[in-house]
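Chemist: Marked as substrate binding site by Swiss-Prot on the basis of similarity to another entry: Arg36, Leu54, Asp55, Leu56, Lys57, Gly120, His121, Asp122, Ile123, Asn124, Tyr125. The feature N6-acetyllysine is assigned by Swiss-Prot to Lys57, Lys86, Lys100, Lys117, with a large-scale study or a structure entry given as support. Summarising the annotation, Swiss-Prot assigns N6-succinyllysine to Lys86, Lys100, Lys267 and lists a large-scale study or a structure entry as the type of evidence. Annotation source Swiss-Prot lists active site, proton acceptor at His121, citing similarity to another entry. Sequence annotations record features per position, and here Swiss-Prot assigns active site, proton donor to Asp151 based on similarity to another entry. Residues or ranges marked as region 'Disordered' by Swiss-Prot: 316-344.
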Amino acid sequence: MVLRGVRVVELAGLAPGPFCGMVLADFGAEVVRVNRLGSTGENFLARGKRSLALDLKRSQGVTVLRRMCARADVLLEPFRCGVMEKLQLGPETLLQDNPKLIYARLSGFGQSGIFSKVAGHDINYLALSGVLSKIGRSGENPYPPLNLLADFGGGGLMCTLGIVLALFERTRSGRGQVIDSSMVEGTAYLSSFLWKTQPMGLWKQPRGQNILDGGAPFYTTYKTADGEFMAVGAIEPQFYALLLKGLGLESEELPSQMSSADWPEMKKKFADVFAKKTKAEWCQIFDGTDACVTPVLTFEEALHHQHNRERASFITDGEQLPSPRPAPLLSRTPAVPSAKRDPSVGEHTVEVLREYGFSQEEILQLHSDRIVESDKLKANL
């Protein structure tokens with residue numbers, strides 16, 4: 001795999017950091033998740049990782065992490081600005097120990113600025129990026145599209161990109177560097193198309209009344225006779241013509257496709273037509289055409305959809321739980337996600353410490369002093 005041999009130390013945090021670490025692990029990196037002692041939180045995104053339980057509030061725990069980072073390629077930390085410095089684990093310290101270290105800092109607001117030390121969640125980062133103002137139905141409040149955009153798109157995935165870029169640059173310079181990955185800025189960067197197309201008038205109407213935000217009758221969803229939904233994205237004229245054909249409508253009897261003043265009435269007409277058939281019936285009509293009409297699938301339906309099955313787009317883990325296959329698909333060095341169950345907290349404490357150069361005596365002492373936790377050591381005491 002493409003990241004085979006890359007050592008990553010991931011400090012436990014909420015979803016964006018674990019997702020970043022999971023992507024790295026899926027593509028071959030050796031990821032150690034450092035959990036807090038006594039942590040009972042689920043490792044929802046721990047596939048392919050190993051878990052070390054370590055107390056970073058005590059000086060011995062800080063020393064352990066410094067020794068690990070001296071041998072690691074990447075440190076991934078998800079804390080607010082200043083937390084790592086307070087622990088004496090800031091980039092100045094760790095890069096002095098290991099000049100080749102990639103020090104990845106994933107936070108909501110970044111490492112500087114007036115919001116850098118305050119709490120926030122996906123919706124807050126989405127709001128500050130400007131993107132939230134664009135999402136929502138006409139006449140309604142803005143609403144977040146789950147917590148995908150800022151947490152995972154602008155956060156975890158953008159941080160993963162930063163790490164891979166820094167690793168590539170290190171092959172030239174031999175030096176590590178600090179990655180300041182802000183979810184606000186990552187989300188804003190994802191919205192570059194929106195910014196660049198503003199002068200074209202693509203977003204001149206209020207939220208929910210533009211061509212790509214649900215305002216157009218040919219770019220929205222419609223309810224079917226059985227209470228399900230179909231998604232329509234027939235923007236181009238040739239695709240729009242196929243949409244009308246499938247709906248049994250004549251273009252001569254309708255206003256011009258791009259007559260935005262007529263869109264509300266056209267949406268009502270399209271909705272009336274879609275409501276006359278079930279989702280399955282509409283799939284029979286539109287599947288295999290270029291009308292850009294697809295069913296809105298549930299997770300369960302997505303698992304079993306023929307297209308997704310042909311591409312093996314979903315996999316099962318060691319506990320037979322389904323999840324998406326890692327993407328993108330590389331031809332020579334594809335991801336090989338672990339089929340094992342996700343690790344329990346501290347499950348690999350002993351083996352990880354050994355790999356990072358700790359002697360048996362040191363490990364026993366750390367356990368005795370409650371700097372680390374390990375069920376394996378407990379069983380032997």
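Every residue, even glycine, has its Cβ placed from backbone N, Cα and C.
Computed from a predicted structure; not experimentally measured.
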Chemist: Arg36, Lys57, Lys100, Lys117, Lys267: which of these recorded positions has the sparsest Cβ neighbourhood within 10 Å?
Modeler: Lys57
Chemist: Rank the recorded positions Lys86, His121 by the number of other Cβ atoms within 10 Å of each Cβ, and give the residue at the low end.
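Modeler: Per-residue Cβ counts within 10 Å for the recorded positions Lys86, His121 bottom out at Lys86.
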Chemist: DSSP says what for the region 'Disordered' (316-344): how many helix, strand, coil residues?
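Modeler: Reading the DSSP string over the region 'Disordered' (316-344) gives 0 helix, 4 strand, 25 coil.
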Chemist: Can you tell which of the recorded positions (Asp55, Asp151) has the fewest other C-beta atoms within 10 angstroms of its C-beta?
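Modeler: Counting other Cβ atoms within 10 Å of each of the recorded positions Asp55, Asp151, the minimum falls on Asp55.
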Chemist: Rank the binding-site residues Ile123, Tyr125 by the number of other Cβ atoms within 10 Å of each Cβ, and give the residue at the low end.
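Modeler: Counting other Cβ atoms within 10 Å of each of the binding-site residues Ile123, Tyr125, the minimum falls on Ile123.
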Chemist: Fill in the CA-CA distance, Asp55 (substrate binding site) to Lys267 (N6-succinyllysine), as an integer in Å.
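Modeler: On Cα coordinates alone, these residues lie 58 Å apart.
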Chemist: Whole-number Å distance between the CA of Lys100 (N6-acetyllysine) and the CA of Lys57 (substrate binding site)?
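Modeler: Rounded to a whole number, the Cα-Cα distance is 26 Å.
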Chemist: Could you tell me the C-alpha distance between Lys267 (N6-succinyllysine) and Asp151 (active site, proton donor) in angstrom, no decimals?
Modeler: 33
Chemist: Rounded to the nearest angstrom, how far is the Cα of Asp151 (active site, proton donor) from the Cα of Tyr125 (substrate binding site)?
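Modeler: Approximately 8 Å lies between the Cα of Tyr125 (substrate binding site) and that of Asp151 (active site, proton donor).
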Chemist: Looking at the recorded positions Lys57, Lys117, His121, Ile123, Asp151, which has the shortest Cα distance to Lys86 (N6-succinyllysine)?
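Modeler: Comparing Cα positions, the closest of these recorded positions turns out to be Lys57.
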Chemist: Could you give the maximum C-alpha to C-alpha distance in Å for the residues Arg36, Leu54, Asp55, Leu56, Lys57, Gly120, His121, Asp122, Ile123, Asn124, Tyr125 that bind substrate per the record?
Modeler: 31
Chemist: Give the distance between the Cα atoms of Lys57 (substrate binding site) and Lys117 (N6-acetyllysine), rounded to the nearest whole Å.
Modeler: 19
Chemist: Any idea what the Cα distance is from Ile123 (substrate binding site) over to Asp151 (active site, proton donor), rounded to a whole Å?
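Modeler: It is 9 Å, counting Cα to Cα.
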Chemist: Are any of Arg36, Lys117, His121 (the recorded positions) within 10 Å of Asp151 (active site, proton donor) when you go C-alpha to C-alpha, and if so which?
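Modeler: His121, listed in sequence order.
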